[in-house]
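Trainee: To start, I am sharing the structure in question, which I have written as structure tokens.
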Amino acid sequence: MGASSEALTQVLIPVAALVGIGFALLQWLLVSRVKVSSHDSSNGYKVKLIEADEEEECIDNIEISIKCAQIQHAISLGATSFLFTEYKYLGIFMGVFGVIIFLFLGSVKGFSTKSEPCTYNKGNTCKPALANAVFSTIAFLLGALTSVLSGFRGMKIATYANARTTLEARKGVGKTFITAFRSGAVMGFLLAANGLLVLYVSIYLFKLYYGDDWEGLYESITGYGLGGSSMALFGRVGGGIYTKAADVGADLVGKVERNIPEDDPRNPAVIADKVGDNVGDIAGMGSDLFGSYAESSCAALFVASISSFGINHDVTAMSYPLIISSMGIVVCLITTLFATDMFEIKNVREIEPSLKQQLLISTILMTAGIAMVSFFALPSEFILFDFGNEKEVKNWHLFFCVSIGLWAGLVIGYITEYYTSNAYSPVQDVADSCRTGAATNVIFGLALGYKSVIIPIFAISISIYVSFSLAAMYGIAVAALGMLSTISTGLAIDAYGPISDNAGGIAEMAGMSHKIRERTDALDAAGNTTAAIGKGFAIGSAALVSLALFGAYVSRAGIKSVDVLTPKVFIGLIVGAMLPYWFAAMTMKSVGSAALKMVEEVRRQFNSIPGLMEGTAKPDYANLLEQRRQQQVICLRTK
């Protein structure tokens, strides 16, 4: 690779990131261009609402529009309050854990400030351990901050768009779908583009100090992935506890005890339920997928830094993971236009097929993009580290590694959609089992869940085997990156779900017409499936990323083999297998405890507020949200 390709690489990556940010802002602008006007609400604050178009049928009166805007405002306030409370404790965690990282890494060589011989680039000297400790800590903080901002931005656009989606339903299901999907695309492109840009700029700035010491540079940059995944843990679990506790509490008192609809405005817990959708399924999922994206990128970069790429200082080949992500942004941009501009949804039956087409189109286009990137960025042959040995790899080997991860993601997405969509027999069988009671329903549901993991596990296993055979641990790292290369489209599809769910709830609470609720319910039904697809991508990519991180670790530590029959190793495997159950038990207990408190508060309001059940009095949403926030503080402190 010559100087021209290096210069092109250094321009291509930031330009692709900026294009992604610009496209996200354009989608936000298109959503915000829906006509709005300001009205004073009874609470004394200004609210924005979509103006009624009298030429359209099924237009509700202006009071309903004002009510939608008030509900949106309450949801936004609740979600923002929760995230600020969560981020306050995350800030403390970031500071404490950053100090621990610095102390642990710096103490490896006694906080030495002397340069040392490089481990892999023989004959050269590398920067001191103290420098690696400092820059790893900085990278950790950058990754954590990027993850926090990604989740927060996703939540803000979701709470900005939910009432707009509801009110656009007056113009037809097509307009409703486009508004919800564009809002989800804002989150998807902002997360992918910001993650890529911050990582690229961090590498460039770190290089000013490290110079030719690429081994130390990319070792320190791995802190970026650690920061992203650390925040994902809190965001996913904290938000998940909130949303499930609110959902359970609202349903137990509302639907079971009082026999009122799910999103009835008389139920004090419905606002908390809608807040939970945003902080759990939007902010939490955004942080989760960003953590996987950052970890896979950093793992691939580090493994490459101790290969012939790093030793020969081949900038273009080293940047292969970043170029894949850049190509992914461009491909997802084109794919999004198919859903929002090229084809129009005309009836509810076209919603799920359109979302499935997004997955398929992005995968096909990305396969062609990977081929271009692989033959442009990589030399025809190169050497990779393989557990103490040198492995000769060709550029088309890496093309297959990335592609198999990409197509495995498509398989996971389609299988998840099949097992969670009401259009197919698995969900229909579960619904049919309800005729004989709750017991058979639970049995059928569990059986369906267990069965649904079979094909995804085989897809991940085949990906691991093929990618490791072709390019050792580097192949697994780029396979994980391939699965996440279309993260913008995946997140757009995932965020579409909670936005549609909120829209349906707002329609019910505002008392909109039956036809409007039918449209929002159709989007909501598809949204439940898309949320499951997002979880499938998150879990599948996490499996590959965890193995890629293990590969980076053994590469850095110089470990050539791991003996499972060694007692300490076997004990570690058993304990590691136990940890998910322990963690799940703690989170489920937290959900149960929080739901119990919510049930008690909802019951108190129904019993103590005169006229609440009759609809002549309003519930105290603010008090319930404050109690949920305080409970979440307790949950965060116990983590």
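Positions of Cβ are set from backbone N, Cα and C atoms, glycine also.
So TrEMBL lists the following for this protein:
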TRANSMEM  12-31  transmembrane segment
TRANSMEM  89-109  transmembrane segment
TRANSMEM  129-152  transmembrane segment
TRANSMEM  185-206  transmembrane segment
TRANSMEM  318-339  transmembrane segment
TRANSMEM  359-377  transmembrane segment
TRANSMEM  397-415  transmembrane segment
TRANSMEM  442-466  transmembrane segment
TRANSMEM  472-493  transmembrane segment
TRANSMEM  536-554  transmembrane segment
TRANSMEM  569-588  transmembrane segment
Trainee: For the transmembrane segment (89-109), give me same-chain residues lying six or more residues beyond its boundaries with a C-beta closer than 8 angstroms to one of its C-beta atoms, as numbers and ranges.
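Mentor: For the transmembrane segment (89-109), the nonlocal Cβ contacts are 116, 128-130, 132-134, 136-137, 140-141, 144-145, 148, 223, 226-227, 230-231, 234, 633, 636-637.
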Trainee: Is it true that the transmembrane segment (359-377) and the transmembrane segment (129-152) have 3 or more Cβ pairs under 8 Å, skipping pairs fewer than 6 apart in sequence?
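Mentor: As far as Cβ distances go (cut-off 8 Å, pairs 6 or more apart), the transmembrane segment (359-377) and the transmembrane segment (129-152) do not touch.
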Trainee: I'm a bit unsure how to read this: which one of 12-31, 185-206, 397-415, 472-493 has the highest number of Cβ pairs shorter than 8 Å with the transmembrane segment (129-152)?
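Mentor: Most contacts with the transmembrane segment (129-152): 185-206.
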Trainee: Are the transmembrane segment (318-339) and the transmembrane segment (12-31) close enough that 3 or more Cβ pairs fall under 8 Å, when only pairs 6 or more apart in sequence count?
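Mentor: By the criterion, they touch.
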Trainee: Of the listed stretches 318-339, 397-415, 442-466, which one has the most C-beta pairs under 8 A with the transmembrane segment (472-493)?
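Mentor: Top-ranked stretch among 318-339, 397-415, 442-466: 397-415.
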Trainee: In the same chain, who gets a Cβ under 8 Å from the transmembrane segment (397-415) while lying at least 6 residues past its ends?
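Mentor: Residues packing against the transmembrane segment (397-415) from afar: 320, 324, 356, 359-360, 363, 366-367, 370-371, 374-375, 378, 452, 455-456, 459-460, 462-463, 466-467, 470-471, 474-476, 478-486, 490, 533, 536-537, 540-541, 544.
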Trainee: In terms of Cβ proximity under 8 Å, which residues at least six beyond the ends of the transmembrane segment (442-466) contact it?
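Mentor: Tertiary neighbours of the transmembrane segment (442-466) are 400-401, 404-405, 408, 411-412, 415-416, 419, 426-427, 429-430, 433, 475-476, 479, 483, 536, 539-540, 543-544, 547.
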